[in-house]
Amino acid sequence: MITLKEALKLSQSELENLKKELNEKAKKEQKIGAYIEQFLAKDLSDGGKGIPIAIKDNISVKGWELTCASKILQGYVAPYDASAIVNLKNNGFSPYGRTNMDEFAMGSSSATSFYGKTLNPTNFNRVPGGSSGGSAAAVAGGLALASLGSDTGGSVRQPAAFCGCVGFKPSYGRISRYGLASYSSSLDQIGVLTQNVEDAAILYDAIAGYDPMDSTSANIEFIKTASKLNAEKKLRITVIENYINNASEEVKNTLLKSIDMLKANGHEIIYRQMPDSKFDIAAYYIIATAEASANLSRYDGVRYGRRSEDFHNLKDMYINSRSEGFGEEVKRRILLGTFVLSSGYYDAYYIKAQKTRALIKAKYEEILKDCDLIFMPVTPTTAFEFNAKKSPIEEYLEDIYTISLNLAGLGGISIPVGKNKEGLNISAQLICKAYDEQTLLDGALSLEKIIKNNK
Ligand code: GLN
């Protein structure tokens, strides 16, 4: 598949041909299930003049159905463009197909979608990761040039790592959340999934920047990154030693090799420890579910999407619409979130989680005071098999290396650095100081080049 950088040079007719080609390819590759709806006919005829970008089905595109892969939103049509989509269109790109995801972005396997699961293009028995599994599978499987996803606890970085593409989540507030269906508002951030680091910078530049429509948008200067990328900068990089050591043997060994290569190429490497990640998991699943329980209360059978046909009074209608419309994992999280916010438990769970969040943020800040970037795994293992996780908690543990970043509000990127014996992808995660995306992308480009040169 051609890159975004190459696509920027195509003529209008070449672009039309590319879209047709993508369309044909996607028809053949339907088994992967990357898209809920792909290559809308109108994109081939009218406005869609730009470079096609696949969009996760929780980002509003005016006139398109927006389902968050949930039954409850079936038939809901977005009345406006998300700000990220407005920016995308203004910069020569066109939304092009709705990618599959875990229902309401809750999950790490893309197996909870109402529309069926997405398969990992490298190995159909393996999950593509989640929740932006469709966005990652589309890029890694050659079914999209690039895609948008959302990352609340790792949903851009983890599926990118499982499928073998680049997944970049900028600092909280860099990309407007206006028009992104809320899961956990204090953690949610739109991110990009691309074939390489340069494309990640190009797509990020197209959609980032302050937006008065989002009160949490970062009102600070945004300087475009792609034209300033510099892979030659020598950086001071902190390796989180205990996280590397706790990853599976194959992930650990591959990452240790990458660290050696970074050193050999003139980057300075220092080693630090982070507190046990079980605290991150606990804090995240309290905060995320608490916010989700409030955010998802708007799906009541009245204002959005689907309403139950079976009811006798208003209360019945609410209950039946929600019972029929939400899947099992979403219900579990609404229940959990409602519980941790309930009187008597609020202090014991929610307040404690917020205090833990503050400590995690402070720890990152302390480490980043002394270096340019942090290096750690994205995931403890390579892509797991469908049904490998015996309980929800087991799947939650997949997020141990990604969620703390959202709790701290920092930017992170997942870069493919190797494969295991079966050909499954292994990625490294780089993390930057808040809003220092330029250094993050510079470091990521350097790592990408080093890996390529050592192949
Ligand atoms: N896997 C995490 C969760 O289930 C992260 C999801 C996300 O980033 N949207 O909440």
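Positions of Cβ are set from backbone N, Cα and C atoms, glycine also.
Automatic, uncurated: that is what TrEMBL annotation is.
Since the structure is predicted, the reported quantities are computational estimates derived from the model, not experimental observations.
The coiled coil feature in TrEMBL is assigned to 1-38. Model confidence over the coiled coil (1-38) is summarised by a mean pLDDT of 90.
The domain 'Amidase' feature in TrEMBL is assigned to 49-441.
Annotation comment: TrEMBL describes LYS56 (among others) as active site, charge relay system. On its own chain, LYS56 (active site, charge relay system) has ARG98, THR99, MET101, SER132, GLY134, SER135, SER147, LEU148, GLY149, SER150 as residues at least 6 apart in sequence with a Cβ closer than 8 Å to its own Cβ. In the three-state DSSP scheme, LYS56 (active site, charge relay system) is classed as strand.
DSSP assigns SER131 (active site, charge relay system) to coil in the three-state reduction, outside any helix or strand. For SER131 (active site, charge relay system), the count of additional Cβ atoms within 10 Å of its Cβ stands at 34 [all protein chains shown]. Annotated active site, charge relay system per TrEMBL: SER131 (among others), in sequence order.
The Cβ of SER155 (active site, acyl-ester intermediate) has 36 other Cβ atoms within 10 Å, all protein chains considered. Under the heading active site, acyl-ester intermediate, TrEMBL lists SER155.
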Integer Cα-Cα distance in angstrom, SER155 (active site, acyl-ester intermediate) to SER131 (active site, charge relay system): 5
